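Worksheet for the structure shown next.
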There are 4 protein chains.
Amino acid sequence: MSNVYGTLFKISTFGESHGPAIGVVIDGCPAGLTVDESFIQLELDRRKPGQSKITTQRKEDDTFKILSGMFEGKTTGTPIALVIENQDQRSKDYSHIAEAFRPSHADYTYEAKYGNRDYRGGGRSSARETAARVAAGAIAKLLLKKHNIEINAFVSQVGEIVAPHYTTLDLSKTEDNIVRCPDAATAQTMIDFIDQVRLDRDTVGGVVTCVIKNTPVGLGEPVFDKLHAELGKAMLGINAVKGFEYGSGFEGVRLRGSQHNDEFYNDGTRIRTKTNFSGGIQGGISNGEDIYFNVAFKPVATIMQDQPSVDKHGNETTVSGKGRHDPCVVPRAVPIVEAMAALVLADFLMRDKAGKL
Amino acid sequence: MSNVYGTLFKISTFGESHGPAIGVVIDGCPAGLTVDESFIQLELDRRKPGQSKITTQRKEDDTFKILSGMFEGKTTGTPIALVIENQDQRSKDYSHIAEAFRPSHADYTYEAKYGNRDYRGGGRSSARETAARVAAGAIAKLLLKKHNIEINAFVSQVGEIVAPHYTTLDLSKTEDNIVRCPDAATAQTMIDFIDQVRLDRDTVGGVVTCVIKNTPVGLGEPVFDKLHAELGKAMLGINAVKGFEYGSGFEGVRLRGSQHNDEFYNDGTRIRTKTNFSGGIQGGISNGEDIYFNVAFKPVATIMQDQPSVDKHGNETTVSGKGRHDPCVVPRAVPIVEAMAALVLADFLMRDKAGKL
Amino acid sequence: MSNVYGTLFKISTFGESHGPAIGVVIDGCPAGLTVDESFIQLELDRRKPGQSKITTQRKEDDTFKILSGMFEGKTTGTPIALVIENQDQRSKDYSHIAEAFRPSHADYTYEAKYGNRDYRGGGRSSARETAARVAAGAIAKLLLKKHNIEINAFVSQVGEIVAPHYTTLDLSKTEDNIVRCPDAATAQTMIDFIDQVRLDRDTVGGVVTCVIKNTPVGLGEPVFDKLHAELGKAMLGINAVKGFEYGSGFEGVRLRGSQHNDEFYNDGTRIRTKTNFSGGIQGGISNGEDIYFNVAFKPVATIMQDQPSVDKHGNETTVSGKGRHDPCVVPRAVPIVEAMAALVLADFLMRDKAGKL
Amino acid sequence: MSNVYGTLFKISTFGESHGPAIGVVIDGCPAGLTVDESFIQLELDRRKPGQSKITTQRKEDDTFKILSGMFEGKTTGTPIALVIENQDQRSKDYSHIAEAFRPSHADYTYEAKYGNRDYRGGGRSSARETAARVAAGAIAKLLLKKHNIEINAFVSQVGEIVAPHYTTLDLSKTEDNIVRCPDAATAQTMIDFIDQVRLDRDTVGGVVTCVIKNTPVGLGEPVFDKLHAELGKAMLGINAVKGFEYGSGFEGVRLRGSQHNDEFYNDGTRIRTKTNFSGGIQGGISNGEDIYFNVAFKPVATIMQDQPSVDKHGNETTVSGKGRHDPCVVPRAVPIVEAMAALVLADFLMRDKAGKL
């Protein structure tokens, strides 16, 4: 199994949802970067459960401890190990999922592949693992800030409710509401809808849109490691993600070349494009325009309803919905999307630097 | 720059469209695999230009030569180097693109990143490079055939024209028409439309759907290297791709968990799911159901029209459409999608084998 | 900086000698392996300081905690994170090395490369980091035991004192004495000599020989990743190592081909060689004979004497020998050599399995 | 099987000694490097057979063709594919080695590992593969020259004949004689000795010493990827190598710390060491002093004598010495050692650049 991500800015996450701790080792962060630990905490708080009425009501204080790689407030270039203890490891009754496979979860495939599986709360397949990514992503963000690169994700769709195009929005308002949609009216509709879904003991899917501003021209590599290919892999590696598109995406299919091509012009300081169907990336390499992409999340698989299923012996059984779960994952997915984007950008920044004569 | 793909079944492609040759080194193919060279040629022929009236009329015989890694018709476990000579390296007049940046091509970003660029015919960014992938993918397909795994891609959308869902189609009919859509009626509509677009000196986008049957349970790795994340990266690494979705994809966003969850049952021989919104992958690992995904291709950037642009000195200029180009890329993209899928599957097969105690 | 080792059985170590903790994440260990934690502790105890009069008198209880990757006593295939807290982080006076560069230590090069350096006790360059390797190696050893592979290292040289060739020794006696030389008489001479060196406030070098028995035929890869090349890298990556040789090694240079070639014969059950100058490896691949190699360790750089040096501002200064250090590193290096060898073998076992058709 | 070497300056070699061609793909060379093709040829000529009376009398013109990655005399940043055709693929009689395992060759282990093996002339295990490394190394050398880094290897030992320490030699004289030892008197003794060994239809081993001057402070990574660990792996990956030591090496074992420590001083311009037992590397990182190391080569396994052996069916047989082979490999190994050293340095240069904030 590989749990390592990145080429030069490399992370290795570990931990199960109900083991002693989860965490991450960041290997490759340049030395001399000032790390504000409160910023990491802030990012973790954006992801943590229990933050609003439309997220799971589980309470977890995702407080972390840095074990290495820092000295006098700055990175040393050595691996940064960061650990988040699991507070709630009490031996709850997990018998209902120890044997039975929850529909559309990873229970069955893990069991089939590995044989020995920590079923408690999903174990390694739990989205709890993403806290480690958010912490690592926070450090990547600090590195990107030195290059003026800004990453802003937001909720652009919940069920059938779709927000306006990002270019019409003020992305600084994303944190103004609990669903993390910068358009106040759409946000309210989304919140009301998620609340209704929750009352229905059901769940619903959504889309997170991510916008990256001020990327220098030249990030990404042209064949297999195209900037958008790596962003795609990073996003598709997040739990519950079903699709990724950038720039014109699936809609672009319907256009003609004469409509879709982005005309170059010189704005007096640099070469730019008049439109941006390319999504800031041409031939796999950033062109200096906004990078933007959409990430589709399926409805959360855990619903508060009884569902027929099969147990590990192949017998029919019923899986009951228990515990407190998110009716819609996208509000909490926003910082995860940003974190993974930050890790991709940081890695390509370093790779680009390495490739200069 | 990285031009290497894969972890254990690893390929390294090389070559520019107008250099002496393109090719690929496959490093990691198991020894003892019988390689039918005519099958490789067949796959290359499905990708090659000039094959029908709706593809570019350029003529290239993509004949290949294997330089190493084979002995008495079988692989030896050593690197397989495969070279395709470029037949048409005449010193044509490329002055129109030596200086000017073609809209929505990689000209500008390559120039900015690398400084020294083989502009002739797109050089390294030309889709000609994908011939090397198709050749490597053919060998991966032969490996998969030993495991009974079948990969079938087809054109499911051109512009606004959409084929029926794959489950209603007979995928053995994909090669029956020049657009590679197994539904004859849809195919004819697509062909007529592409022909019209060509007459309009324009281009149009499309979608390739890929279906993988008989994948064993257990391929893929659960965190960053999820099976669909790697498939996504592989597809997004193909020229002109703007999006990837698997299973329910972007449409799944609109559903509720109670609609979307795939109920498990025991069919008497093994555990299966009644529906397949999961697209054959749960928690990043194959569950034995059909894997299926969509790949969105933008309209080809080269159009037979004059377009305003900027040259490398930042001055305004006009780029004229010249040469013979595809009005729609998807018919020729079908074997490329299959090839990349085969490479991903072959790699995960080997990784899964390695991980067994 | 890369702190990751291995291709499939991959470890990522972290931690500074005077930070909160050191540790390791093992990514890729197959699921289902029974892990006896007391065996890990046993291996750590063989490496820990303060174990005898000829090692440093510092006392550290290297007790570890496993944070992930285990369930009901067996590995789950997910990353195994193992942490060893540093007990002695008191704010000692390190001013003497905060500024000055200790001769033949990593102080100067780390400072030059990274700028920000945890100088306390050597920080990341401290051999304390090797405890993490020993812990990971213990798990690799458990994996190898399932394949009957045995790894035994011992001290074969201290200063000018050289033990007999391993083929004449009973390697089960290595732990019978504190210098870890299985020949009792040589061991006593070595111990007396190290004790004298210690009284002289000096240090001395030594050689560790490692013997690997029962390796299956076929491990290793033939070009860059030859089995001995990877063993060499693994050994040269241990602190204070200056050389590596396997089989006939540097002595083999003096022989003629007619003397050095290992004649094949059939012992009735399998093909073997009459002599073993090849050291169990031919063409980079194990041939089933004993693998054996030597690892040269320099005299410990920290001596209990004043030494002229330079500080970080380029000024002349004197570095005084302080604290309690090993007069000779090889007795404690034995388990480290074994651990790294185990990691290399485990990785190649997995790689070999992956490569089978 | 992995045939890829390097992290950022990455090479992938391919080819069997009697297949159509051997070659290499260099992936990661920075764009804009001027490549003098005659320099590559010069390096290949230093390695090629038939260059003097003490090397094999086989004649091969190792002429190469660059297939990609260059434009107008400079690298473009895309993969550089370089092919050397095998001129002598006539169907000679190889029946004597098709079935029988030559002693101390890779025949048996390849057969056991891979099952299907191109036995003609050693196939992939032939040292012919190293021509590809020399060509790639030549390009790495050109990159290093821009940083003023010089790599000079020479023959320092043949059998029992040992040259003086490198610090007493004029390394510009290495190419003055056919054995490549810069000390004229020692060189003559070596040549006479090798000639006698050849007449005896036997072979003998030797040592190549390599000296790297002007390395900037800071190359190498401190834990597993120490500069000398990677150099060690690179050297041990060369055919026939049995040992590697750097700086004081195996001799350093005998010294005391008070003798071995390299005292720092300030020469007025930078920090230096008075002695150089460290071999230019401290804590795995270059310190700006000369890097020097020794590489031990065993006697060539092919001797012009009959040797008892076993065939692939396990039956006793006799292997006869046939063909024209090197009586001693070290004169031709000099450029190979330099090439691999250049590849290691180029890679670390790029990695170091990437790691700067």
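Positions of Cβ are set from backbone N, Cα and C atoms, glycine also.
Record features (TrEMBL):
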{"type": "BINDING", "residues": "C:ARG47, C:LYS53", "note": "NADP(+) binding site"}
{"type": "BINDING", "residues": "C:ARG124, C:SER125, C:SER126, C:ASN239, C:ALA240, C:GLY283, C:LYS298, C:PRO299, C:VAL300, C:ALA301, C:THR302, C:ARG324", "note": "FMN binding site"}
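The most densely surrounded of the binding-site residues C:SER126, C:THR302, judged by C-beta neighbours within 10 angstroms, is C:THR302. Ranking the binding-site residues C:ALA240, C:VAL300 by how many Cβ atoms sit within 10 Å of each one's Cβ puts C:VAL300 at the top.
Spatially, by CA atoms, the binding-site residues C:ARG124, C:SER126, C:ALA240, C:LYS298, C:VAL300 include one closest to C:LYS53 (NADP(+) binding site), and that is C:VAL300. With a 10 A radius on its CB, C:ARG124 (FMN binding site) counts 30 other CB atoms from all the protein chains. In sequence order, the binding-site residues from C:ARG47, C:LYS53, C:ARG124, C:SER126, C:THR302 that place a Cβ under 8 angstroms from a chain A Cβ are C:ARG124. In sequence order, C:ASP62, C:THR130, C:ALA131, C:VAL134, C:ARG332, C:PRO335, C:ILE336 are the residues of the chain that are 6 or more apart from C:ARG47 (NADP(+) binding site) and have a CB within less than 8 Å of its CB.
When the C-beta distance to chain D is held to under 8 angstroms, the binding-site residues C:ARG124, C:ALA240, C:LYS298, C:VAL300 reduce to C:ARG124, C:LYS298, C:VAL300, listed in sequence order.
Remark: C:LYS298 (FMN binding site) has C:SER104, C:GLY205, C:ALA240, C:VAL241, C:LYS242 as non-local neighbours, by Cβ distance under 8 Å and separation of at least 6 in sequence. Mapped onto three states, the DSSP output places C:ARG124 (FMN binding site) in helix. Other Cβ atoms within 10 Å of the Cβ of C:LYS53 (NADP(+) binding site), summed over all protein chains shown, number 12. Whole-number maximum of the Cα to Cα distances across the FMN-binding residues C:ARG124, C:SER125, C:SER126, C:ASN239, C:ALA240, C:GLY283, C:LYS298, C:PRO299, C:VAL300, C:ALA301, C:THR302, C:ARG324: 45 angstrom. A coil conformation is recorded for C:VAL300 (FMN binding site) in the three-state DSSP classification, outside any helix or strand.
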